[in-house]
Amino acid sequence: GGSCGQCRVDVHSGGGEILPTELDHITKGEAREGCRLSCQVAIKQDMEIELEESVFGVKKWDCEVISNDNKATFIKELKLKIPNGESVPFRAGGYIQIEAPAHHVKYKEFDIPEEYRGDWERFGFFDIESKVDEETIRAYSMANYPEEEGIIMLNVRIATPPPNNLSLPAGKMSSYIWSLKEGDKATISGPFGEFFAKETENEMVFVGGGAGMAPMRSHIFDQLRRLKSKRKMSFWYGARSLREMFYTEDFDELAAENDNFEWHVALSDPQPEDNWEGYTGFIHQVLLENYLKDHPAPEDCEY
């Protein structure tokens, strides 16, 4: 707890002193006004708190797994069906929370296509088991955008222990999500979030890598497909190799349809079979050297 900084609440009385874990996300001025992270506040007395109005729009849904497919070696796309007649009124860039019950997951039972199994076998990941004796809740950004109705789509990277110490515990939630199969049930709540696009005409620069694809896809599709935005925008995405790329056809299609949008990929570890002639290195450095460094006004862009 205390790592994402999203669960802000104003505590007007009670709650005790603010904790060091909270000060990574809350300024001293905000703390003086009573701002806290709700996940870090122990309820030991009567309290007076103030919540954002949007919190009261949060609901819970029991969903059904439509699919749970590998999009990269360590990333799955979990697609959930919202109950008939229901909808999750989220904004692009928002997130939901998903619940995992107590579980015992064996990685050898994961459904992983042959093209991705090599690294799993080389690192010994199929020997991992996740044993969790309590309910776990984690937050994930939506990869779909609001007009893709009736579903919730997540990009989930498996949190394995390091290959040199497989005795360490695996990620509780990612292990559970990777074990889900078509027809299984999953409980989510939401929507939440503050990572929303500003309604301006400023240039937009999207930067992401790995499972950070999710909010990028949601934002970009929302801007171009729903809002029909004519703002200049570019997407800079980093992956290890071509095998780790996904949604390529989606973004190629968007670029072909919209003169105001372009996207770029940088590979940090291209493989010989990739025959890669594009950008190499880490995406933030590639973005700086190949675009922002010579941009006339990078400070006016929205990132």
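Including glycine, each Cβ sits where the backbone N, Cα and C put it.
Of the listed candidates (CYS39, CYS63), Swiss-Prot assigns CYS39 to the same [2Fe-2S] cluster site as CYS4, CYS7. Of the chain residues outside the [2Fe-2S] cluster site list CYS4, CYS7, CYS39, GLY1, GLY2, SER3, GLY5, GLN6, LEU37, SER38, GLN40 have their Cβ within 8 Å of the site's Cβ mean position. Mean pLDDT across the domain 'FAD-binding FR-type' (58-198) comes to 97 in this model. The secondary structure of CYS39 ([2Fe-2S] cluster binding site), as reduced to three states from DSSP, is helical. Sparsest Cβ environment among the binding-site residues CYS4, CYS7, CYS39 (other Cβ atoms counted within 10 Å): CYS4. Within the region 'Catalytic' (201-303), the DSSP-based counts of helix, strand and coil residues read 47 helix, 23 strand, 33 coil.
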